[in-house]
Amino acid sequence: MLFSRCGDECVLRSFPCLSLEQSPSVVPLPGILYKITFGRSDAENILGYFKSSKHYQKHFLLADVKAWNKQNFDTANKETIESLETFGRTFDPPNDDKGLYICLIPAKSKDNHIGCISKVVGVLTEEKVVTISFKTFCRAIVKTPSSKPKCQVWSSELSLDSVQRMVKSCGNEQMKRLIAEFIEVLGTTDNFINSFKKKYEILLDKTSGDHLLLLSPLSNTLYFQLNKAQFNKAWSTLLGLITELTESMDEAPINANLMQILKLMDLTVTVLPTSTTQKLDFLSSFSLIERCEIFKTIMDDFKQVFKHLYSSTEYVQAHFSQASNLEKSRLIANQLKSLRFFIEDVKAQNRSRIPMAASKVKSMISIDGKERKSPPAQGDESDPEDDLSGDENDEMTTLRDFIKNLNKLGVHRDGIKLLRKDFKIFLSTNPQNAEYQVLRNYFDVVNDIPFGKYTNRASINLEEARQKLDNDHFGLNSVKNRLIEYLCTLKLSEQLKKRGESRKSPILLLVGPPGVGKTSIAKSVADMLNLKFQRISLGGVHNEAEIRGHRRTYVGAMCGIIINALKKSGCMNPLILLDEVDKLLSTTGSGSGYGFKLNGDPGAALLEVLDPEQNNTFMDHYVGFPVDLSQVLFLCTANDLAGISGPLLDRLEVIEIPGYTPEEKVKIGSKFLLPKQIRINGLDKCERCFTLSNQAWYSLVTEYVRESGVRNLERKLATIVRGKVVEYVKEEDHQRTNDQQIVTKNEMFKYLGFPLHPIATELLRNVKMAEKEGIVNGLSYSSDGTGNVLVFEIIKTGSVDKSQGPVTTATGNLGTVLQESIDIGCSLVKSILRRGLIVGEDCQITNEFFSSKYHLHVPMGAISKDGPSAGTAITLALMSLALRRPVDPLLCMTGEITLRGKILPIGGVKEKLLGAQMYGMKRVLLPIANKQDVIQAVADSVAPFIEDKTSQDEISLVQEKMNLSVAYVSDIYDVLRYAWPDITFHAEVPVEQNHQCLSKM
């Protein structure tokens, strides 16, 4: 009979036993979950005892354990297996009859005769160690102790402790007394602990005058043990269980309450920092009275520790207060000397200590199916991990799991080697070492990188994508069409990827003036693809380390902004917007992104990030191993291409976003911005919505804001709305109502004040007694996306020798290229006049031109001006002086001039047309090579123009939308004909015939 009862005594005939010789400080008590770490070979010896039996070979906890086949060692035989199954059915129901039960015997148990039966509930296998979790059940007396080698299992007959038997032997009055004494003892102990911690924390204050208690090693040890996060959590849990028991005591039978008290005694002895001997005595008590007496003795001894501490401190304080200064100095010197000796002893022990000795133990409170953390057993061998708080232990567990699963997470093979190597160094480093915190910070950063995590990209529906773009942005049809093409490319790339083929998607660069919607377009793309959106502002970045991170050798090193974006997004395939790429190197003043820099070249650092052929192995200096960015969707924005280096621009596909026309601004303001500001300021809830009249809208977008985008427009609308809010509040105070729903142009001044100073408009007006010749309007385009009218003024200031003239002096903050255009214009006019190409020219006027000195000025000198597109206007202004013919003040033009008189194409056509419209021009001369730019600027679709190549369609559109009459010119002679229709040339070619020839080329 394997399981029998001798009277009330329970006996197991054959049961596996294990002596915890490698963990001498561990005394297993019932109701606790212990996690004990063994060397790999020792753990195989323990678990191999069960694995060697066919009954347990397929047990899920023994999957990674080899069977123990060596001779002279016990194995789980049939008799033992039946004992294990019987114990499981009796003491651990419900049970699958395959529980791995074993009797844990403390190393300091006399003759190995006292132990605690436990169950293996977890096995964590690592490279060199194995952590086994034991859940303890009840005390046991070992009938046949053995002298087996350490970590070897043997079988023995056990006599089990019966709590029910002890309770039955106790009367009701005695039970009540024992329960009351236990609750009283726990309450007194809690008061001692709280009083000590409070007093200690008060002494930590520098303003306190008494610090002798802090010099005691005993007080420091007690505070360290009683202030651990694990102890605080376990002690508060224990007090909570006692409170629950007290509240439900009247409802439950008294014998059940006493059984619960006995369990709480075991938990109390485990939680408190008691000695190994005390725990061993408590484990060895098998009678109720004996156990209660030992428990009371343990608690009394624990309280005596505080009393002895306070009395010794008072003794020292009394002596110290009466001692002379010399005696005080000697006392302090001896204290410091002893402390130095102690530090040297600790260092010597650390040097001689084997890194991974017998075991590391962590204990968990387990009661009523709940598991709660409690401190390790007192006297357990220390380890850097043992000093961590509960949260830090969780972090270490997470870090261990991360290192273990590096292969599954898709980390680069170089990273796997580096991380495992650094993790070994980290585990063997003392927490007081500076290198420990450096490695800890490093692993925190690397662990936050979302390796192996990807967001499911939404399937691309072109109709829904177009609808999304139309809802979020008004106009910008060419940009939307290009984005649709981009989305189609992404969709095709996904299909090719599913078939095993790969194709790199292009990286887009959105170029345009501020406020036209570059960032919001990127957000719309992220929403359409269901991707996490991260924006990185590159404005002002002048250090390469901000892109690639600092090397770990530097103090305060951090990872770069690319890795930070991945950490914030929580996945490896977000959409990252690199904003203001052209401002990346603005601090150097070069704009090109090249040249020697002390802090490196951040523009060059972006080359690896934005190259689809290289970013799958992006190397961050701080991370130290390649990170795959191939699944990241990059978008870039810039205001001006001139600030981007050539190699970086070569990796990007440019999409230009032009500025908005006044009509587009009015529609955006009325449909989006004004309702938004009304909602933000709360007028919609007051039912006081309003709008602007057509004249007010036009005045707002032309007189109060001069920008390509709509940011200032939104600010002005917000000002108007706030003014309306003030009016509403005043009306409420005076109980008056004003139902006016439309703001007129005359009311704009009330909300916005005076419009912007019309300096350019003033320049276009006639000046009294000023000569009309030599005044020509040109067109300019600034980097902020706005177009303007430039007035070129030329006057005669003196005479020079005919052979040397004409001589021209230029002012107005002009650049080198513009100065060259002036020289080219002078040479071209001289050539035309000397050749006598103009019919009926006055020789006297011509000779005066050759012998004159002129001054050319471009107003608004505070603004720098440069570029070749003013060549046509300068040449016409010089010709106007030479022929004494004025130019229409409502005519403007643009185009680069050559010495032969050819008009070359220029950029910024739409912006220049908008500038001409804003300043009231009526006629515009453009290079004929810019015809396609005009079509793209005014047409919603270019398809009709491809089929029908007549030049009138886009001209009529410009006339209709901008009220501008556009004419194309091929050379300077076309310009002269449009400026002065009555002028003729020798051997003249008609304008219409010239245009037909050009369109056939």
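Note that Cβ sites are derived from N, Cα and C of the backbone, with glycine treated the same way.
Feature annotation from TrEMBL assigns region 'Disordered' to 365-393. Residues annotated as compositional bias 'Acidic residues' in TrEMBL: 380-393. Residues annotated as ATP binding site in TrEMBL: GLY512, PRO513, PRO514, GLY515, VAL516, GLY517, LYS518, THR519. TrEMBL lists SER869, LYS912 with the feature active site.
Cβ-based neighbour count (10 Å, all protein chains) for PRO514 (ATP binding site) stands at 18. According to its DSSP assignment, PRO513 (ATP binding site) is coil. Within 10 Å of its Cβ, the residue among the recorded positions THR519, SER869 with the fewest other Cβ atoms is THR519. Cα of GLY515 (ATP binding site) to Cα of LYS912 (active site): a span of 18 Å. Separating the Cα atoms of LYS518 (ATP binding site) and LYS912 (active site) is a whole-number distance of 21 Å. If you measure from the Cα atom of LYS912 (active site) to that of GLY512 (ATP binding site), you get 14 Å. Note: the CA-CA distance between PRO514 (ATP binding site) and SER869 (active site) rounds to 23 Å. Ranking the recorded positions LYS518, LYS912 by how many Cβ atoms sit within 10 Å of each one's Cβ puts LYS912 at the top. Across the structure, SER869 (active site) and THR519 (ATP binding site) are spaced 31 Å apart at their Cα atoms. Using a 10 Å radius centred on the Cβ of GLY515 (ATP binding site) and all shown protein chains, the other Cβ atoms total 20.
Spatially close to GLY517 (ATP binding site) yet at least six residues away along the chain are HIS473, LEU476, ILE657, GLY709, judged by Cβ distances under 8 angstroms.
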